[in-house]
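In what follows, a structure is listed as structure tokens, so that the remarks can point back to it.
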Amino acid sequence: MYADAPSDSAPPEAVLPMDEAAMRAVDRATAALRRGEAVAIETADGSVGAAVSVESVAIDAVQRLVQLTGAAPVLAVTRRRATVLKLMGEGTGVVALSLPRCLTADEAHALADPEHRPDGDMPDGLTATAMDPGSRETAAVDLARLARLLPAAIVAPATDHTGSAAEWAAEHDLLLVRARDIADYRVHVVRTLRRVAEARVPLSGAENTSIAAFRPIDGGPEHLAIIVGNPVAGEPVLARLHSECFTGDLLAGLRCDCGQQLRGAIAEIARHGSGVLLYLAQEGRGIGLVNKLRAYRIQDRGFDTVDANEILGFEADERVYLPAAEMLRQLGFTAVRLMTNNPEKLRQLARCGIEVVERVPHIFPANGHNEGYLRTKAERSGHMF
């Protein structure tokens, strides 16, 4: 039993409630970043500044930020990316990179882009400063993460205003979002998950199956519950948490074991008679399909799957399982027999109030293309094969 499994993250109940307007502001800000627009970010002390994502930044964006704020911008990257660039030691959080002169868009791209080699030339005078969790720089990187972009942003404080953050943002026609709302967003969105549709969908080998779709209030990606048979609410249910994998699930790609795990889990649940598979919108261990393809390209240079994520600036695994716990509760289950090899799933579910009464191993043979991937999961991520 794993009820007391540790976790480094705060429990969901430790986060103060967020109103719908704040959630909408974060959602709109992620969309603006994806379009290459600047957004205004307000920190807890009431100060404000502007940020734009590195991935979608235009050549003239740095100069526009200078004109908007009256300050020289910095490049905000994750500590993982700064470590890859040999600018800081191992750690977590966000780092601000700055120059004695104004950083250029090309320099920002070179420092944040996954194709930039760790041993490449650094601009003269480049300095790296670790930022506080509540900083504008940290919020900007978190916002880029939410937008499924590279976790890097060009950020500058506003030095040309004396009014409120809202007044400054309105004056410059920028969307305004608070740093604390960005930090808490993922927890709050989970609380708004609602079952929006359900239908009977007979599957090959599991004809008595229905699929329920859960959608958050921000209109974000839906998570699916594939319910096989008639599991009894209130009793421990045979369950599998499966993060979507376009290449493995749909295309039968051989670089991972996801397709085997998906189809194998449904077959095992059908043999058992009943259970639920949660199909979670967390492509690429939470970094999104585009970034997963970037990670594959990096792996082709000889790096493993963990190194590839870190070269991109991500953690080895960016997934959270709050949505899974919420879906299980809404389906009537607070205890599971969990089909997994991943100890982090056990820890996170327990942290979210779901009792794991048994771990059911879920192992499939290597195919010749994914041997290194499976070995890395065991040796570096602690998977139990």
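Backbone N, Cα and C define each Cβ position, glycine as well.
Taking Cβ-Cβ distances under 8 Å and a sequence gap of 6 or more within the same chain, the neighbours of Asp317 (active site, proton acceptor) are Arg285, Gly286, Asn309, Glu344, Ser381. The feature active site, proton acceptor is assigned by Swiss-Prot to Asp317, with sequence analysis given as support.
Taken from Swiss-Prot, the feature active site, nucleophile covers Arg319. Reduced to three states, the DSSP call for Arg319 (active site, nucleophile) is coil.
The Zn(2+) binding site annotation in Swiss-Prot covers Cys245, Cys256, Cys258 and is backed by similarity to another entry. In three-state terms derived from DSSP, Cys245 (Zn(2+) binding site) belongs to neither a helical nor a strand segment and is classed as coil.
Residues annotated as region 'DHBP synthase-like' in Swiss-Prot: 1-189.
For 190-385, the entry in Swiss-Prot reads region 'GTP cyclohydrolase II'.
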Candidate binding-site residues Cys245, Cys256, Cys258, pick with smallest Cα gap to Arg319 (active site, nucleophile): Cys245
What are the sequence-distant neighbours of Cys258 (Zn(2+) binding site), meaning same chain, six or more residues apart, C-beta distance under 8 angstroms? His242, Ser243, Cys245, Thr247, Gly248, Asp249
